[in-house]
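One structure, pasted below without further comment.
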């Protein structure tokens with residue numbers, strides 16, 4: 001339980017994607033879910049949350065009361081449509097100006113803490129932290145150096161601009177939140193992060209939405225055959241997530257099972273994103289070329305309640321990603337009692353209990369995935385046992401647990417920041433005793449600026 005100072009109001013920064021967007025297409029994915037779920041649960045603990053995100057439509061209201069104590073501020077920065085995420089660094093000045101102007105319209109000391117999500121937001125948070133005189137907590141969600149070390153075929157490497165930008169944020173943030181111990185180790189080994197400033201805060205799932213249920217009812221609601229063995233991919237369609245690997249690996253099984261009592265079907269749920277936008281029909285073309293187009297079903301991104309039915313309808317959910325800082329899909333599927341076949345990369349080894357709630361595959365070779373799929377589907381009793389274990393495993397990963405750990409990180413950030421800034425220490429003490437929001441604006445300052453060469457870093 002957190003015993004130190006806690007913020008009254010937090011500015012969450014999510015530049016490139018809104019928590020109100022539908023996950024599974026464009027730039028909306030697990031981070032959207034993370035920001036929304038943690039924001040609403042922080043609000044339930046009495047913390048006011050304001051989320052700054054870039055407006056993507058002229059109809060976006062400047063302020064949206066999204067939930068009790070949760071406000072989304074849509075900041076105009078660049079054109080509403082047609083702006084690729086790779087072009088967003090050029091709009092960070094405009095976005096930062098919008099954030100600073102919003103705060104300037106309030107009384108001094110309006111926000112107690114900034115929590116930035118993804119490196120673009122970290123750049124904004126770094127400047128706002130120095131302007132407002134409050135601590136900055138940063139969650140990377142993904143790291144360029146990690147992604148570039150495990151690129152999928154046909155994927156585009158993250159630019160050096162991002163690597164440098166991430167390095168700056170890692171150096172500047174008061175605390176860094178990593179999804180897993182693996183990500184914490186990557187921050188230390190690849191970015192030279194101070195281990196003492198890292199908190200491991202594991203993401204969760206909405207355990208009230210994602211629950212086990214009758215497979216027959218779920219399949220009926222989705223119009224799926226009751227007799228098929230269904231293997232499902234959920235996520236953005238891009239090389240990093242490797243849905244093509246699943247289709248290629250399943251192809252031999254689909255061909256061999258056509259005349260059996262239990263034919264195999266692949267279900268792809270999501271929309272194109274990132275470099276996947278360059279070839280939006282690539283997966284459809286692949287299924288056609290492999291002669292299995294009739295056994296591959298495509299669905300658009302689904303709302304949570306509908307997505308829960310997708311998980312329940314599946315015999316197995318596949319997460320073949322080349323890189324994954326955690327893997328929310330894996331936890332959501334297991335919460336619904338569905339076992340997971342996942343690549344043994346990043347946080348997936350935490351999200352999936354290999355051999356107990358699913359299977360971890362140690363390579364991205366098509367043959368290895370075909371063998372893993374065949375072995376899993378050939379043992380329905382074993383899959384059923386894994387499904388029962390999966391729900392128990394998933395119950396360790398609630399968003400309430402996530403927010404408990406997040407608030408502890410916030411408290412440490414506020415304490416360490418106050419220790420370095422005597423005026424901040426007095427402000428925190430006054431806040432805890434009186435609940436007063438009266439604080440004088442502190443002058444612009446830089447805590448450190450240590451951009452190091454990207455080679456030869458110790």
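The count begins at 1 with the first shown residue.
For all residues, glycine too, the Cβ spot is worked out from N, Cα and C.
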According to Swiss-Prot, which listed range is region 'Disordered': 397-427, 428-458?
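Within the set 397-427, 428-458, Swiss-Prot attaches region 'Disordered' to 428-458.
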Swiss-Prot has 22, 23, 30, 236, 241, 324, 332 binding UDP-N-acetyl-alpha-D-glucosamine. Which one of 226, 302 is in the same site?
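Answer per Swiss-Prot: 302.
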For the Mg(2+) site, Swiss-Prot lists 311, 312, 314; sort out which one of 297, 338 goes with them.
338
Expressed to the nearest Å, what is the distance separating residue 332 (UDP-N-acetyl-alpha-D-glucosamine binding site) and residue 28 (1D-myo-inositol 3-phosphate binding site) at their Cα atoms?
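It is 17 Å, counting Cα to Cα.
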Measuring Cα to Cα, how many Å separate residue 30 (1D-myo-inositol 3-phosphate binding site) from residue 23 (UDP-N-acetyl-alpha-D-glucosamine binding site)?
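Their Cα atoms are separated by 7 Å.
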Report, in whole Å, the straight Cα-to-Cα distance of residue 16 (1D-myo-inositol 3-phosphate binding site) from residue 324 (UDP-N-acetyl-alpha-D-glucosamine binding site).
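That comes out at 19 Å between the alpha carbons.
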Taking only the residues the record lists as binding 1D-myo-inositol 3-phosphate, namely 16, 27, 28, 29, 30, 31, 32, 85, 118, 142, 162, what is the largest Cα to Cα distance between any two of them, in Å to the nearest whole number?
20
Cα within 10 Å of residue 23 (UDP-N-acetyl-alpha-D-glucosamine binding site) is the criterion; apply it to the binding-site residues 16, 32, 118, 311, 338 and give the hits in sequence order.
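Passing the 10 Å Cα cut: 32.
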Who sits close to residue 312 (Mg(2+) binding site): which same-chain residues at least 6 apart have their Cβ under 8 Å from its Cβ?
212, 213, 214, 215, 217, 218, 336, 337, 338
Cα distance, residue 162 (1D-myo-inositol 3-phosphate binding site) to residue 22 (UDP-N-acetyl-alpha-D-glucosamine binding site), nearest Å?
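About 25 Å separates the two Cα atoms.
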If I take the Cα of residue 311 (Mg(2+) binding site) as reference, which of the binding-site residues 16, 32, 162 has the closest Cα?
32
